[in-house]
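*Asks:* The following block contains the structure, expressed as structure tokens.
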Ligand SMILES: Nc1ccn([C@@H]2O[C@H](COP(=O)(O)OP(=O)(O)OP(=O)(O)O)[C@@H](O)[C@H]2O)c(=O)n1
Ligand SMILES: C[C@](O)(CO)[C@H](O)COP(=O)(O)O
């Protein structure tokens, strides 16, 4: 019997760095809304049984999308920070393992999802990442370079991130309770003493964050279509 999973999609952000008139997940991208690309990629994966989308309490747009009535899509209200949105989403998860994937990452591929599941199941779970390619610098508060940082084991943390649901719930609750700075699920799991696996994924699995990212995401989506 093939193990299937739920994906929690945090989609309750406002996209402040995008500076658009609407939250970035609802910006047009390659013929549909950004979030529709992300959800289509997830729902078309054979091992994804359910997608739980965490939307902002005042989001009345998601309900207008055809995907809102998809039988394998559930909706819940997100929180004021991403970790709260994820935690709310986890309350609807019925599978032992859960993936968490940003709504703002539409270029995720099935191959990378398969890689993450395979590696994550062998241990405490894991996350997709891409190795840093540039020379890395640390600056001081005045914006002057302080020193060059050894990049040999530095990664960009991506999503999906993949963990046992109960362990992730506990780790997020503990981290939020301690007021810890949690920007991804792995940081909560690390704080709880787990050792998430870093799984090298595609660097085109970008998070659409700033205006210039939209054209890049369109290019990557188009390129990926040609690869299939
Ligand atoms: N309270 C929040 C904040 C963010 N997110 C989601 O987390 C993902 C990654 O966060 P980010 O790229 O930072 O999105 P925003 O918070 O919307 O962007 P910004 O920081 O520029 O406002 C996004 O899909 C976003 O919708 C969420 O569900 N709940
Ligand atoms: C989870 C994440 O995509 C990992 O890189 C990222 O932390 C989410 O974006 P944010 O700007 O940190 O909310």
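Glycine too: its Cβ is placed from the backbone N, Cα and C atoms.
Residues annotated as site 'Transition state stabilizer' in TrEMBL: 17, 24. Sequence annotations record features per position, and here TrEMBL assigns site 'Positions MEP for the nucleophilic attack' to 151, 207.
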*Asks:* With H, G and I counted as helix, E and B as strand and the rest as coil, say where DSSP puts residue 24 (site 'Transition state stabilizer').
*Replies:* helix
*Asks:* What is the separation, in Å, between the Cα atoms of residue 151 (site 'Positions MEP for the nucleophilic attack') and residue 24 (site 'Transition state stabilizer')?
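*Replies:* Cα-Cα, rounded: 31 Å.
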*Asks:* Can you give me the Cα-Cα distance between residue 24 (site 'Transition state stabilizer') and residue 17 (site 'Transition state stabilizer') in Å, rounded to a whole number?
*Replies:* 9
*Asks:* Looking only at C-alpha atoms, tell me how far residue 17 (site 'Transition state stabilizer') is from residue 207 (site 'Positions MEP for the nucleophilic attack'), rounded to the nearest Å.
*Replies:* 12
*Asks:* Taking only the recorded sites 17, 151, 207, which have a CB closer than 6 angstroms to any atom that belongs to ligand 2?
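*Replies:* Near ligand 2, sequence order: 207.
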*Asks:* According to DSSP, which kind of secondary structure is residue 207 (site 'Positions MEP for the nucleophilic attack') found in, if we only use helix, strand and coil?
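*Replies:* DSSP call for residue 207 (site 'Positions MEP for the nucleophilic attack'): coil, neither helix nor strand.
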*Asks:* Which residue, out of the recorded sites 17, 24, shows the minimum number of other Cβ atoms inside 10 Å of its Cβ in this structure?
*Replies:* 17
*Asks:* Find, among the recorded sites listed as 151, 207, the one whose Cβ has the highest number of other Cβ atoms within 10 Å in the structure shown.
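*Replies:* By the 10 Å Cβ neighbour count, 207 comes out on top.
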